[in-house]
Amino acid sequence: MKKNLIIVESPAKAKTIGNFLGKDYEVIASKGHIRDLPKSSFGIKIEDDEFIPEYRITSDHSALVKELKSKAKDAKEVYLATDEDREGEAIAYHIAKAIGKDENTLPRIVFHEITKSAIENALKNPRKLNMHSVNAQQTRRLLDRIVGYKLSPLLGQKIQRGLSAGRVQSAALKIIVDREKEIRAFVPLEYFSIDMIFQKDLDAELVEFDKAKIEKLTITNKDRAKLILEACKNEVYSISDIESKERKIAPPPPFMTSTLQQSASNRLGFNPKKTMMIAQKLYEGVNTHEGVMGVITYMRTDSLNLAKEAVENARKFIQANFGKDYLPSKANVYTTKTKGAQEAHEAIRPTNLSFTPEIAAKFLDKDELKLYTLIYNRFLACQMSPAISQTQNVFVKNDRVVFKISGRKILFDGYYKVYGDMDKDKILPNFKIGQNLKVQNLEMNSHFTEPPSRYSEAGLVKKLESLGIGRPSTYAPTISILTSRDYVTIDKKQLIPSDVAFNVTEVLEKNFSDIVDSKFTSNLENTLDEIAEDKADWQETLKEFYYPFMRKIEEGKTKIASQKTVTKLGESCPDCGGELAIRKGRFGEFVACLNFPKCKYSRNLKSESKNESENTAAKAKANGTGITCPSCQKGEIVERFSKRGKFYGCSAYPKCNFISKYKPSEEKCEECGETLVIKELKKGTFLECLKCKIKKEMKD
């Protein structure tokens, strides 16, 4: 008896769906894209202004395609069940092509969640493949190939090898570089504050002096600050006014991709890549108290829509578990402000409210539980009543100055019951107008304005979203590309551009301004949305981009000056005798042998005076530790740097491959004879054997 064949992307998804269906169905995974543009060539044929992608079955999918063809041939019906977004639609298209079926006749089934009811409903309501969505994805893929294949080699030729450029990544990189320029150009401004504490421990803010309003940056002159301080020393203060306001704090909307990534970063410390990997697992299926199922809806979405049934279930759950006060009279409805949002999709929510975080703790690992709990509570919160807070401002004055004491308390916690930043209440005493207050402490303090902060990964995602750059599926990969290409390093959650990031951005700004222009990139994203909606032609879009872009590429070959000039040091390489020179790398300048790649000798370039030229021995000594290499007993242990930070290696590299994260000492372990390394801890500096783990205090 013939079976129905369902083809999905991932094995995990296939396994979960297979558990829901009977013996009449077989579910198999394509394991992602089975066709793509070739890696070894441009892969786009241009004939009579038509752009024809030359797709190939990827080498790691050859055997799988044979299996799919065989199973499809014998199947009663073949269902394409890839994700419901452009990428999923394109994967379905390529599957149909690869197995030799007409993409217009195969039934396409879609669902927002992987639950039994959702799959059964999808099978009852198949549709045709949406070729407009496929063409939007093809346009994006071809645009990325054009930019990457034509522009990246030019950057490699003019700046350094291994560089890349892309529509979204280059625009994102410019945002990071521009922020770094702001920070470097920032000039701090000194300002002063008059800080008052009234009895008992009541912090007060100066808001008025001689009838003039005082704000944060009002007092920038020290003499004036002293004058105001003197006026504040009058110890007779009385309450002149009391303001009290109630405020409703509306619950936040449910998560979409960008806000999930931001909240997971801020609350859980997860980077976007980690968030999406965990969310994918939760979507595709995990063990639950009711068997294997997807426990959240599709995680790549820019929609805030919620299924009517899901909202009704949430309202029942809220009333049953929290009471009627926590349930608004009508369901809360949210609409997205994101450019190009696909409203047919759903927001990210739990698929089964009975799978509570308490029950989930028995089935999910630590990080899965954290993210699931965040999604679960946010969904419940979005359908709960607002929180109500009361703010109180008490104004205290003498003859010349007015201070403000602020207080706050939560009158009703509302959605804060499950989700929210519950700041500690600052409840003020019962004051009366005319009441006198005594000064507990009064002082003048100096401050300096601070430069704008660098973007965090979550902050960059928020910025990209606000500018309409990229879509839910591209945020995490964009950051991964920037870090893997060494354009950006992440230090204490801050994105820091490298020297080469400045060089590349400068070249692109001068010669390919469209590529780094956020408005152009956003408009192109909007055009892709229009293609998906059949409001724009994909071939025309490619044509309008390609020809002006290629003219700039040709101009750039002669117009862009090479930055690969080297400064010879007049020194001989200690390894091969060749000439040493200063080269530019991803992390700045360094010394290298001109016989590269035959000779791999290199070292750090220490900051030197422009009028000072040091000889080779002096420079080598600057990196040296004076400790003999414990491995070869010939070389010297030297301090080196990589993109992961400082490490210690042998000066005889590459002949000696000794490497250590910690600085080796001259002492040996009494137990095994291994070299002890120096570890600096909060408790002090110790010597430790990495083999025996024996520690001993380091003597001065």
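Backbone N, Cα and C define each Cβ position, glycine as well.
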Of 128-133, 164-169, 176-181, 386-391, which span is tagged region 'Interaction with DNA' by Swiss-Prot?
164-169
Between the ranges 321-348, 545-572, 629-656, Swiss-Prot assigns zinc finger to 629-656
Name the residue range among 6-32, 195-221, 573-599 that Swiss-Prot annotates as zinc finger.
573-599
Looking at 285-308, 405-428, 669-692, I want to know which stretch Swiss-Prot calls zinc finger.
669-692
Using a 10 Å radius around each Cβ and all protein chains in view, which of these recorded positions has the most neighbours: Tyr149, Tyr298?
Tyr298
Measuring Cα to Cα, how many Å separate Arg300 (site 'Interaction with DNA') from Arg140 (site 'Interaction with DNA')?
17
Taking helix as H, G and I and strand as E and B in DSSP, count the residues of the zinc finger (669-692) in helix, strand and coil.
0 helix, 12 strand, 12 coil
Residues satisfying Cβ distance under 8 Å from Arg140 (site 'Interaction with DNA'), sequence separation of at least 6
Arg86, Leu528
Average model confidence [pLDDT] within the zinc finger (573-599):
81
Just to verify a number: CA distance, Asp144 (site 'Interaction with DNA') to His33 (site 'Interaction with DNA'), in angstrom, no decimals.
16
Out of His33, Arg141, Arg300, Arg485, which of the recorded sites is least crowded by other Cβ atoms within 10 Å?
His33
One of the recorded positions Arg141, Tyr149, Tyr298, Arg485 has its Cα closest to the Cα of His33 (site 'Interaction with DNA'), namely Arg141
Taking each of Arg141, Tyr149, Tyr298, Arg485 in turn, which of these recorded positions have a Cα lying within 10 angstroms of the Cα of Asp83 (Mg(2+) binding site)?
Tyr298
